[in-house]
Every structure is written in structure tokens, then in C-alpha cells.
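A.B. asks: Please read through the structure below; I'll follow up with questions.
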Amino acid sequence: MGNSARKPVKGGREPDSGGDNADLRFLLDGAKLTKIRSKSWHKSRYFNLMEDCRTIMCSSKKLGKKGNTFLIDDIESVRKGRQTEGLKKHTDPDEEEKCFSIMFKGSKKNLDFMVNSKEEAHRWVTSLEKLMNHAQNLNKKQEREHWFISCMRKADKNKDNKMTLKELKHFLRQVNIEVDDTYVEEIFKKCDTSNSGTLEDLEIEEFYSLLTKREEIDVIYAKYAKTEGEMSARDLLDFLLNEQREQATIESALKLIEKHELDEAAKQKKRMTKDGFVMYLNQEDGCIFNPAHSPVYQDMSQPLNHYFISSSHNTYLMEDQLKGPSSTEAYVKALMKSCRCVELDCWDGPNGEPIIYHGYTLTSKILFKDVIRAIKDYAFKTSPYPVILSLENHCTVEQQQLMAHHLIDILGSALVTKPLGDTMPASLPSPEELKGKFLVKGKRLNKLDAMFSNNNTTVEEDSVSEEDEAVDCKENDQKAKAKKAKIKLAKELSDIVIYCKSVHFGGFEHARDNQSFYEMSSLKESKAFQLADASATAFIHHNMDKLTRIYPAGSRTDSSNYNPVPMWNVGCQIVALNFQTNTKEMHLNQGRFLPNGFCGYILKPEFQRSPSSQFNPQSLTEGPWLQKKVLHVLVISAQQLPKLNKDKQNSIVDPLVKVEIQGVAADNDKKTTHHIENNGFNPMWNTKFEFPISVPELALLRFVVEDHDSASQNDYIGQYCLPLTSVRNGYRHVPLLTKRGDIIPSAGLFVHIMLMDQK
């Protein structure tokens, strides 16, 4: 809403520095780009940033009023060069430096562009990245103000930068709140100090203040603001010690004032105003997730099998398991989510080149070498720790030899082709030792010890049993059933399988007596769950010195997932899930791997690593794992929940909150608040829950916000999941994520948490 709308957002979205302003001007002016969809579809499009500095328009005419728009917040990344499948396929290699792509969060298709020079491409990429960084670095207060202003602009139908009573009512529906007409008129009259019949300038600021007033925070602030109505450093310290249960000092309280206080006069007096207090609660320092667990903080020098490893199943698939597309982009998305074990389903392809797709189905096919290139480019962008390439090999010897060549040629020295050190190891190396490395998981013709033997003679090829998962796939395909479960294995491919040799699982006793530390089995979910129920302690001990991979049943053709938690409970490391399916199971996976720098490796609890442990998640006995606690959760309120049906003007959400514990069977629990009618803007519940906890080190806490519907299934609004060991006590802000795991910028829950010993 022009200048008047920007009053509440001082220091708003626009970048401040001279260089940033030049980039902003460049984006606002826009330019003509060539949009590319195919060899024959290269069309000119005008591309510019709109005046709200957060919406981009792509239209066929310069300064066109109609065109496709998207928000800066929707962009996942901007890639320079021919990095997408489309640009590689539809442009020439000599145009590499003139190309760039915009990649979106979720399922929205990327945009591929070509410009006139490499300088222009560089300008577009750097300008967009700066704007994205600026948007990401906005604090919570600024995010909410920008969301508020955006809704206000939409409500200002005649674009006169003023708000009539009718526009105000429309605005309240935009921000997801149903308010009685009498109350709307009351707010309007209170703010319309000029008696003009419209709100503008300072009147809009007053309206913003009234609407965003947080009564629940006012009460907390008033209790501790004992110094002329403000919080002194001593007052703040009292709050941190008594309510937040932090190991705080007067120095840490002063740092929080310096960091979060907005009023310079208060900052000079070393005090925190209510605005500064709200800012603190909504930032990382007030978040439920312990910021000390944000970086890599765990011991990364343990053997690989001592960690849970973020793992993907049929990584190449973007959708279902029968006819959906295969894409290198699926590998990029998984790796950018810190997935550390990806699957490659390899088959003979045309022209002697191996391909990847889901065999015996109509899923599309991609070249093996293109996948390896994509993996190399993106493997270590979000995590430096090793990536396991899980090969399901269906190829002839000739194409296997080419697979080995591509792996060695493309990955180079990053590929582990021999054990670390000069002598035969006795255990797996650590993630720290394997930083920046790739491990191949697959069949091997001989024992690893042979590499250190003077008599290392191996046949060039031999028959080995197929991967267990490949056999399971055949069971679902009548034509394939008749084929023998044996394949010929090329020596070249066998030789680069070092620490992850695939072997058939013959039972825990057989594995203990015959299986080496580098030999690992893959188990179908049904078999794994059966073992976890019947022999949990044996399963845990098996996983103390060997890796185990679990994969979804072949019957999950819709790419649904099993619950990973029972598999983590018995110490399974590689619990492979369909990353493309954004349901509760993937939310749990995201929560499990949220701490430790989101690096894809989480150190298992000591009782899942110690040979003397008798831990059994099915039958809890006394031991170091048993730490009886009570988790007290007070769900207080939510802020600015997204409107679900944006096309329906009168559609307002009726939110409720579910609080879940996922861990050992004895700890699993779920409780639900009542729903609030017609208020997604600032609903308040003040509902208390208690959860008895027996094994906190394996427990996950999950908040889910839904739109209540009495006639059908509730609609998903947002969720957040994290390990109980990373939860902080006190009054805390809970971020909310979309189904796909992206942050909802303006939304959140406000809760009070207390984890205490059971009396």
C-alpha cells in the first residue's frame, strides 16, 4: 500500500547497501530473457521484480499487467549454467555461461533462461541470490509485518493507499480472521482519529499495533518488567532462570538486550522493552529447538555403524513407483536435504550406456553417468560427511564395466576404492575420516581381506546372488519370476565395493558367526518389523558392529512410507524412505536429522552402541536408557496461520493443535486441543498436556496444526518435529513447516515446555 503501508516495516525487505540497491534497481527495471522449454520452444519473456520487492512477474510484454508471478520466498535456489536436465538437453554446450535456472521449493517446475552474455547471466544470478538472502535474513517480526502488508495491499482494491471500512473487512478475511462487524467498526473508529472515513499513515500503524497485540506475552512481560515498566538486565535474568530454566548469567542477559532490543534509548539503559521481548521470543534464542544443537556438535569419530544415516529409497523417482518420472533433480533435492545414502537402480540402456529407472515399470529412464555427475555436484553442499551410493545392479558385465568407469572417472579421488590405511581394518571408518568421500554399496566377488593378501587372484567375473530388494521386486512381477536370482558381476565394479558389501541376511546368529564388519544386509520393512518385535535386543547388538538397510515394501506403489521410528529404536542405521512423499513419516525423518548441523548423521545413544547393553524397546527394564520424565506442554497460541482456501474469500480456518510423542512403544502418545472457530490469525488455546517419558533419548516431539472439519478429514496447516533431547524448557516459539518441509515464514505456535523428572 505505497508509503503508508510501509510505515510499520522500517528496515523492511529492500536491501540497504549501495551494491544491494543497484541489484534491486536492476531487478525492478527487469529485462528480456529467453525462456527455454524444448529445442523448438525458445521464447522471449520480460522478467522483473514488482514494487513490493518480493513478487516476480514473467510476462510476454514489457511491464505487462498480466503474466505468471511467484514470490522470492518460493525460490529454493538459482543455478548458474546448464545445470538442469532441460538446459542440458535443449541448449548447446557453448552457451553454458549464458544460461541460468530458477529452482522452486516443492513440485513447481523450474524456469530455464538464456541471456545475451555471461555478464548478464552473472548479474541475474547474483541479484536474485542477494534478494533471497535478504528475505531469509529477515527477523520474525519483519516477516510478519511483510505478510501483514502484503495482505493489506490485496485488500486495497482501488490502490489509493487508504483503507475504507469495507476494505478493512476484506483485509481481515485475507489475514485469516473472522471478526464480528461491531468489533471491526470499533477498531476502525478508534484508529480513524482524523474522522475521514478512511485509515492512512499513522492510523494504519495504530491499526497494526491493535491487531498484533499479544495479550499472552503482555502478561509474562508485566510479571518480570519491574524497572519503570521495562525489563532491566537483572529482570531478564530472573525470567531466564525461573521460566526458561537456562544456565544464564547477567552477561548473557545483557547480550540478549543488545541483540534483540529495537529501542536505542532502552538499549542505552541496558533494558528490554516489550517489543524487544517479543523479538527475543520469536528469534532463535526463544525457539523450542536448542541452538547449541544447530551446528555439528556430536562426536563424529565413531565407526559409521554407530550413527543413524539419513537415507532415500528409489531416489531417482519424483512421484509414484509405477509410471512417474525419473530425474537427476530428485537426487539433487534429496542431497540438498542432507540425505547421505541414495539408491541407484541400474539397468542396461541403449548405445551401451547404463540407465536408471524402476525396473518392470513405466517410470522414465535417465543415464547413469548423468546421475553420477549430479551427485558429484551436490553431494557436499549441505553436509561434508560421506555419501553412500546404494547400487541395485541389473546390468550385463559390459555395462557394469562402464558403470565402474563412470564412477571412477567422474568422482575421482572422492571415491573410496581401497580401505583407509595400509593394513586390514577391524571396523568401519568414521564419518570424520570419510569427509567428502563416496562409498559404493553393492555385491563383491571376494572378501576385503584379499586386498591385503599376496595371493590376491580374482576371476574377472562371476555369478553372485541378486540384491534382496531386486528379488522382492521380481516377486511382484510375473514375467520376471522365472528369471534366476543370479547375476554376473564384473570385477571392475566389485573392486570398488569396500565398506558396504551387500550380503543376504541369514539370521542374527549366522551374521554373528559369518558376517564381517563391512558386510551389510538389506531388509524389507515387513521382515525388519517382524525381527524388531521378536528379537529386538539381538537386532540392536547386530547393529552395534554392522550396517543394516531397511527399505519400503514393493507393494507401496504410491511411494508411501513406513514408520521409521521402530527401526531407529533397534539401531538400524540406513532406514530408507521415499523422500518425494511428504507425509508424517518424512516429517519424523526431518525431525530426527534436524540437530547436529542437519548433516545427515546422528550418533546413536550409548545404550545402542555398548556391547554390554541389554536394552529392549519392547520390554523396558532398568538400565541407563530408563530416565523416567514427565513432559508438560502448554499450547498457548498461534500466529498468522496460512489461509488454506485462498480462492474462497470467506474461508477462514478453525485451527487445532495435535501434540505427539514418537519413540519406544511405552512413550508413544498423542493429544489434541479443542478447535478455535474462524481464527487463523491469533487463536489462543491455553491447553495443558502431560506426557510420561521412559526413554527420552529415542523420543521425538511433534506439533501438528490442522484445520478442523466436522464433515471430513482435517486439513493440514503446518507441523514441526524435533528430538526431545533438543527441546528447551520455558516459553518457546515453535516454527511451522509446510508438508514439503519448507518454513512458513510468518506462522508459528507459542508454547510453554517443561521436562521434569518423574516423582
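Cβ coordinates come from backbone N, Cα and C, glycine included.
According to TrEMBL, the protein carries these features:
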- 1-21: region 'Disordered' (REGION)
- 25-133: domain 'PH' (DOMAIN)
- 35-62, Lys441, Lys443, Ser522, Arg549: substrate binding site (BINDING)
- 143-178: domain 'EF-hand' (DOMAIN)
- 179-214: domain 'EF-hand' (DOMAIN)
- Ser194: O-linked glycosylation site (CARBOHYD)
- His313: active site (ACT_SITE)
- Asn314, Glu343, Asp345, Glu392: Ca(2+) 3 binding site (BINDING)
- His358: active site (ACT_SITE)
- 493-609: domain 'PI-PLC Y-box' (DOMAIN)
- 609-738: domain 'C2' (DOMAIN)
- Ile652, Asp654, Asn678: Ca(2+) 4 binding site (BINDING)
- Asp707, Asp709: Ca(2+) 5 binding site (BINDING)
A.B. asks: Considering only the recorded positions Ser59, His358, Asn678, which fall within 10 Å of Asn314 (Ca(2+) 3 binding site) when distances are taken between Cα atoms?
C.D. replies: His358
A.B. asks: By CA-CA distance, flag whichever of Lys35, Lys43, Asp345, Asp709 among the binding-site residues is nearest to Ser194 (O-linked glycosylation site).
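C.D. replies: So, spelling it out, the nearest of the binding-site residues is Asp709.
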A.B. asks: Just going by other Cβ atoms within 10 Å, which of the recorded positions Lys43, His358 has the emptiest spot?
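C.D. replies: Comparing Cβ neighbours within 10 Å for the recorded positions Lys43, His358, Lys43 has the fewest.
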A.B. asks: Of Lys35, Ser59, His358, Asp654, which recorded positions come within 10 Å of Asp345 (Ca(2+) 3 binding site), going by C-alpha to C-alpha distance?
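C.D. replies: Near Asp345 (Ca(2+) 3 binding site) by Cα: His358.
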A.B. asks: Using a 10 Å radius around each Cβ and counting other Cβ atoms from all shown chains, which of the binding-site residues Glu343, Asp707 yields the largest count?
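C.D. replies: Of the binding-site residues Glu343, Asp707, the most buried by Cβ count within 10 Å is Glu343.
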A.B. asks: Distance check, please: Cα of Ser59 (substrate binding site) against Cα of Asn678 (Ca(2+) 4 binding site), rounded to an integer number of angstrom.
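C.D. replies: Computed Cα spacing between Ser59 (substrate binding site) and Asn678 (Ca(2+) 4 binding site) is 37 Å.
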A.B. asks: What are the sequence-distant neighbours of Asp709 (Ca(2+) 5 binding site), meaning same chain, six or more residues apart, C-beta distance under 8 angstroms?
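C.D. replies: Within the chain, Asp709 (Ca(2+) 5 binding site) has Cβ neighbours under 8 Å at Asp654, Asp715.
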A.B. asks: Reported as an integer number of Å, what is the Cα distance between Asn678 (Ca(2+) 4 binding site) and Lys441 (substrate binding site)?
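C.D. replies: Roughly 53 Å, rounded to the nearest whole number.
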A.B. asks: Could you give the mean pLDDT over the domain 'PI-PLC Y-box' (493-609), rounded to a whole number?
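C.D. replies: Here the predicted model's pLDDT, averaged over the domain 'PI-PLC Y-box' (493-609), is 96.
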A.B. asks: Would you identify which of the recorded positions Lys35, His313 has the most other C-beta atoms lying within 10 angstroms of its C-beta?
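C.D. replies: The largest 10 Å Cβ neighbour count belongs to His313.
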A.B. asks: Of the recorded positions Lys39, Lys43, Phe47, His313, Asp707, which one sits closest to His358 (active site) when you measure Cα to Cα?
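C.D. replies: When the Cα distances are compared, His313 comes out closest.
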A.B. asks: Provide the number of Cβ atoms within 10 Å of the Cβ of Asp654 (Ca(2+) 4 binding site), excluding the reference atom itself.
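C.D. replies: Other Cβ atoms within 10 Å of Asp654 (Ca(2+) 4 binding site): 19.
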A.B. asks: Determine how many residues of the domain 'EF-hand' (179-214) DSSP places in helix, in strand and in coil.
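C.D. replies: Going by DSSP assignments, the domain 'EF-hand' (179-214) contains 21 helix, 1 strand, 14 coil.
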A.B. asks: Do you know offhand how many angstrom separate Lys39 (substrate binding site) and His313 (active site) by C-alpha?
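C.D. replies: If we compare the Cα positions of Lys39 (substrate binding site) and His313 (active site), the gap is 33 Å.
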A.B. asks: Which whole-number value in Å describes the distance between the Cα atoms of Thr55 (substrate binding site) and His313 (active site)?
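C.D. replies: One finds 36 Å between the Cα atoms of these residues.
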A.B. asks: Report the member of Thr55, Ser59, Asn314, Asn678 (the binding-site residues) whose C-beta atom has the most other C-beta atoms within 10 angstroms.
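C.D. replies: Top count of Cβ atoms within 10 Å goes to Asn314.
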A.B. asks: What count of other C-beta atoms do you get within 10 angstroms of the C-beta of Phe47 (substrate binding site), across all chains shown?
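C.D. replies: The answer is 21 other Cβ atoms.
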